[in-house]
Amino acid sequence: MLPRLVCISDYEQHARTVLQKSVYDYYKSGANDQETLADNIRAFSRWKLYPRMLRNVADIDLSTSVLGQRVSMPICVGATAMQCMAHVDGELATVRACQTMGTGMMLSSWATSSIEEVAEAGPEALRWMQLYIYKDREVSSQLVKRAEQMGYKAIFVTVDTPYLGNRFDDVRNRFKLPPQLRMKNFETNDLAFSPKGNFGDNSGLAEYVAQAIDPSLSWDDIKWLRRLTSLPIVVKGILRGDDAQEAVKHGVDGILVSNHGARQLDGVPATIDALPEIVEAVEGKVEVFLDGGVRKGTDVLKALALGARAVFVGRPIIWGLAFQGEKGVQDVLEILKEEFRLAMALSGCQNVKVIDKTLVRKNPLAVSKI
């Protein structure tokens, strides 16, 4: 009999017992000493909720829009690579769960299911494409064109990965894809991170990034991408207000405040702490989203109160996959949805439009006096 899991931490604890160690370590780990990994979650507790009373919360509407597309709730699925390591159906299970729940899924370029397979598995699902900029621009260009052809609704371009962060567990485990898997959006063994490729004796993914991803990425590449596609473009990985303003100048449609799940540069701020500066900097000109550390419905409420349009979750989806595939992902999303609904009700919010910054304040005890 399967255990009864009632919160996101339950799903993670279960995943640790069923996933191969190198796979669990890959999904769980952050960069270096993992200070930011812990802080992404811990930082939410530094923001305190100040609920409104006597607001008639008999009926709660969680729905909103993301880049002009309606979603049932402001909780979407972020790009998580190589999901077939967690469950045989991987990304196909995830997109089906998103379709059922009425929310969106961002597909990783490094998926173990192809752009086309995911579109066919979730034809009615709201799908977005995450993009890395490859040294060979034609590789990135083809990913964008395929996403357009298959009905994906936006491109989320990752800008925080000129090189891969130093993830100690991946080095210790000499992380590679299991032999039966490959990144299915690519044909050649080298681009597909196939076990048949040559990726060294340490972290194979770090070697892959060094071989394939362009470290000379600049704002000119955002212009190139803007010329390439008419789809909305979201820049993923912004943590500074001036970078956010530069992104707006270059014609992006959204900014995803992200530190890559704390997997790139250790010591950067938790995303919830970086969010207010970004929101202020863009002055409402583009939509702002957040990922990193979202584990509870109150986390979602706090992010929206600080100006996020929606949040994206990554690791919780993997833990759901590891538990029960499509149903596990759906259950994880349902938990977050119902926690968010309750948090809204207890805060006096009938719909997402009334969620504003008056609902949250930084705990004064958490502010350094240095």
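Any Cβ shown, glycine's included, is placed from N, Cα and C.
What Swiss-Prot says about this one:
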type	residues	note
ACT_SITE	H260	active site, proton acceptor
BINDING	Y26, Y132, R167, H260, R263	glyoxylate binding site
BINDING	79-81, S108, Q130, T158, K236, S258, 291-295, 314-315	FMN binding site
DOMAIN	1-365	domain 'FMN hydroxy acid dehydrogenase'
MOD_RES	K184	N6-succinyllysine
MOD_RES	S194	phosphoserine
MOD_RES	S230	phosphoserine
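According to DSSP, K236 (FMN binding site) sits within a strand segment.
Checking Cα-Cα distances from K236 (FMN binding site) against the recorded positions (Y26, R167, S194, S230, H260, R263) with a 10 Å cut-off leaves H260, in sequence order. Here the CA atom of D291 (FMN binding site) lies 29 Å from the CA atom of S194 (phosphoserine). Take the CB of the residue listed as 'active site, proton acceptor' and look out to 10 A: across all protein chains shown you find 23 other CB atoms.
Mean pLDDT, taken over the domain 'FMN hydroxy acid dehydrogenase' (1-365), works out to 97 on the 0 to 100 scale. Under DSSP, R315 (FMN binding site) is assigned to a helix (H, G or I) in the three-state scheme. Put simply, K184 (N6-succinyllysine) is 15 Å from Y132 (glyoxylate binding site) when counted between their Cα atoms. Listed recorded positions: R167, K184, K236, R263. The one with the lowest count of other Cβ atoms within 10 Å of its Cβ is K184. It is 15 Å from the Cα atom of K184 (N6-succinyllysine) to that of A79 (FMN binding site). The shortest Cα-Cα distance from Q130 (FMN binding site) to any of the recorded positions (R167, S230, H260) is found for H260. Here the Cα atom of A81 (FMN binding site) is found 12 Å from that of H260 (active site, proton acceptor).
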